[in-house]
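Copied over from TrEMBL:
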- B:409-480: domain 'Transglutaminase-like' (DOMAIN)
- B:12-44: transmembrane segment (TRANSMEM)
- B:64-94: transmembrane segment (TRANSMEM)
- B:106-125: transmembrane segment (TRANSMEM)
- B:131-152: transmembrane segment (TRANSMEM)
- B:164-182: transmembrane segment (TRANSMEM)
- B:554-577: transmembrane segment (TRANSMEM)
Amino acid sequence: MFLAIKQQCKSYFWRLAERRSPRAEAVVLRHRSIYVLPSKAGLGYMLAGLLVWLLGTNYQNNLILAASFLLFALFVVSVLHAFGNLSGLQLRALKAEPGFVGETLEFPVELISSRSVFHLLLQPVRGPVLRCDLGRDQANVVKIPLAAQRRGWLKPDRLLLKSYFPLGITRVWSWVYLEGKVLVYPEPRPAQFAPQYGADSSGDQGDRVRADDDFMGFVRYQPGASLAQVAWKLYARGAGLHLKQFGAQQRQSQWLDYHALLGDVETRLSGLCFLALEWHAAEIDYGLILPGTRLEPAGGDQHLQRVLSELALFNPAEVGREV
Amino acid sequence: MKSRRTIARRSLIWLLIAQLMVLAPLALHIPLWLSVTALLVIAWRWWLERGRGRFPGPWWRSALAIAVTAMLYVSVGGSFAMETMVSLLVAGFVLKLTELRREGDVYLLCFLAYFVAATQLLFFTQFLGSVYSLLCFCAITGTLLVNQMAGARSPASPSPWRTLAGLLFQALPIMLVLFLALPRLGSLWTVPLNSTAGTTGVSDSMSPGDIADLMQSDELAFRVTFAADIPPAHERYWRALVLDEFDGRRWSQSDFHDVGNGRASVWRRSDQALTELARPMSYEIMLEPTGENWLYALAVPQTDASGVDLSRGYTLFQRKPISQRKQYSVISQLFYRAQGSGLDEREKRAALQLPDTGNLQTRERARQWAEQEPGSQALINRFLRLVQSRFRYTLQPPLLGDDSVDEFLWQTRAGFCEHFASSFVFFMRAAGVPARVVVGYQGGQVNPHEGYLTVRQLDAHAWAEVWMEGVGWQRVDPTAAVAPERIDRGVEYSLDDSDAQLLANAMGRRFAAWGNLQLQWDAFNYRWHRWVMGYDNQAQQDFLRRLLGASSPWRVTLALIVAIGTVAALIVGWLFWRTREPVAPSVKIYRRLCRKLDAAGVTRWHGETPSDFAARVGQLRPEWAEDMNSVTHLFLRSYYAEDDAAFEALKHKARALLRRIG
């Protein structure tokens, strides 16, 4: 019950914070989204100021009182400077390089300000603190690490920008929601080929291996071989890519076929991703067949990216049928 | 922020220097060994920084802490005063250095340093002392700043000096506003400032030689500012205590007058008839700390100062010893008749008390004279005539034996004010006239620069008071009979050369140029004390009333908010102005065009590119399409390609278009 309320409050808080600093590709920090409070050291500073004030009050010593007022005034000025330090800072999400599930991707953010910005600390929600100083009108690119956990578009979570400048007694911060995204490809992982698949043979799905052919043995993988012929078990043992040789060899086709693999959606996509990389490295032309999508065989970096993007963004629910 | 990074060398240097600055003046007020330990620890920490030696382990640190605490306990011996606390603070402040390694540790040390620097101001309240403390505060703030800037990677980091100066310069006006407007609360609890400090000035008893000892000190006793004219020197008798008990050698206070120990009762002017013979005189005294609980004033004083009472001897006193400079205003009735109708039995007995034995010659002579003379006044005059004709005023009187009054009056006939006052009172009492000794200061030097009066220790004086029927207590100063210039001009003018050598700062008082400098500096310090240290609730009320018309709380609060808000707005304005973006001239022209189009009903959307906007203008107002397109093209060329020819054309075209629109 209590936890639920806490959760509720938390989510309300973050909604509020997000409303004050809406998601955008480029964000300029303004007073609406900048917060200043005393830091932990600042509380100590205030305590020292209070003690000095008590000393001055007790001994009715105007000079000591003036000293405590000076401490207070320094705090006020420090808050203003802290605010001025962050205010006007512009952040822009740059184009990020895609990567695979399991990797840590880098999300580049360009920081620029018409003023010098000192001792800026950037902290993603889960991640290390990055330190950065900016010269006046000097762009600085900070690469924010993002752990890719699922395929598809990865959006950076809110970014905490904070600074303890100038005296370390104030903590000025802002939550920044950058409208950027990184494409995350499935993790390349070998998957198992479906042996029964050959029974269903419709022309437009390309040539397939017949299940009733006699197994003859293994040969080294050759460019252009069908994925159905790959000896996945051998590969999984670390023996490299080999093809199963069947009695009646067929002309090898170049299709990455979703239906030719075993396992759930993610396993199959990982398998397809793995093969795409292998074939690309081996300079084989290949096409892609996904439920609802078909890419004609081709080669090259662009084709690989198209194929990987399709794999990354494949949405079984969108296809509208059980796969 | 608790940073785990090792402290940068630059911040360590700042910190150690700030520490040394904070500790230096306190060395006078903490045990010597502690100052030495502090120096050693600071030097050793620097040694470590240079890579020699290793940090001590927790055992060593605890051993050091225990040793220092034990030594502190031994040296201050359990008494608790502010000086003890300062010593403790200093000890903690220095020992923390032995475990200072991380950036985060700097904060605690800096906050401690702020507090320790503030305690300096308990002991040093002169102008220079305050400036020094301000420097300490700057050094500590600089340490915080440098610690924060340490490890910056940007080459654009500004100099810490400039940032520090900026911070302090901006903080000072806010401090000033707070200082002027924030009300002062009274003392919350009492901790004496120092437990061991001696007392200075006139003491509560008087033996031969006591006051002459004070002549060796040029120290300031108090300063006085009169509301109107300064009364002539022979009326400036600053009374501290009434001494009415004599044991043959020493004068002290009887129970009746003892204000110091609270045995005497408070006297109210309304208790006894006091006839005022002239307009009272009002003035303000700033008394240097004495460690005693009596104050100085002209007779008969009256004051509103809180905690200050009037004694039966027409002197002022308070319960707590004066451990800090004290400022109070007094209204005095210099010419008065009091208690003329008679003394009560107790007071009369005290005023006639004499020791049972001794000084037989004086007693005998007093009886004779009392019979020969018609009244008290005649008796007094005869005594004064004797003094005037036969006595010598000197700082180096011959030593006196057991019957000190006899020896002085009838044999040596040379002495200082205490000899004259003492023997006069003895003589009067022996003759049956109530009399008493009063001690305090007499005269004082007028500072020509500020028009106030400076009273120093060497102005210490003792005189007598005699009670007469119908007149009451009347001042009689036998010293005035023997050395009138002592009363009118000051002690330095009343002594011969060999005596003057014994006076403190004889040179300063004699050589005009040096004395003048001293006077000017004293005037400046006095002003500092009066207006800064003495800015109390009353002064504040007056100031605010003059400034705001009334000093009601809401008015003051409003003024405070407005003043601080203005300063803050100025600072923010400055922060932004300092770094505002320069706007290219072509952008200015384009913006002017946009404003004009806006007025004509075509508004550029936020974020709309100039080309898109030009296209939209063309759709909405086809008649401007061509001009708008060319202006936009020229603007883009001159702005992005920095094409000067395009800029010239832009100016021309834009002007034409503006005319067409408008």
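Glycine is treated like the rest: Cβ placed from N, Cα and C.
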(message) How about long-range neighbours of the transmembrane segment (B:106-125): same chain, 6 or more residues beyond its ends, C-beta under 8 Å?
(response) 7, 11, 15, 18-19, 22-23, 25-26, 28-29, 82, 85-86, 89-90, 92-93, 96-97, 100, 132-133, 136-137, 140, 143-144, 147, 193, 324-325, 529, 533
(request) Please give the sequence-distant neighbours of the transmembrane segment (B:164-182): residues at least 6 beyond its ends with Cβ less than 8 Å from one of its Cβ atoms. (result) 138, 141-142, 145, 535, 540, 543-544, 556, 559-560, 563-564, 567-568, 571
(message) Can you give me the average pLDDT across the domain 'Transglutaminase-like' (B:409-480), rounded to a whole number?
(response) 88
(request) For the domain 'Transglutaminase-like' (B:409-480), give the DSSP counts of helix residues, strand residues and coil residues. (result) 24 helix, 32 strand, 16 coil
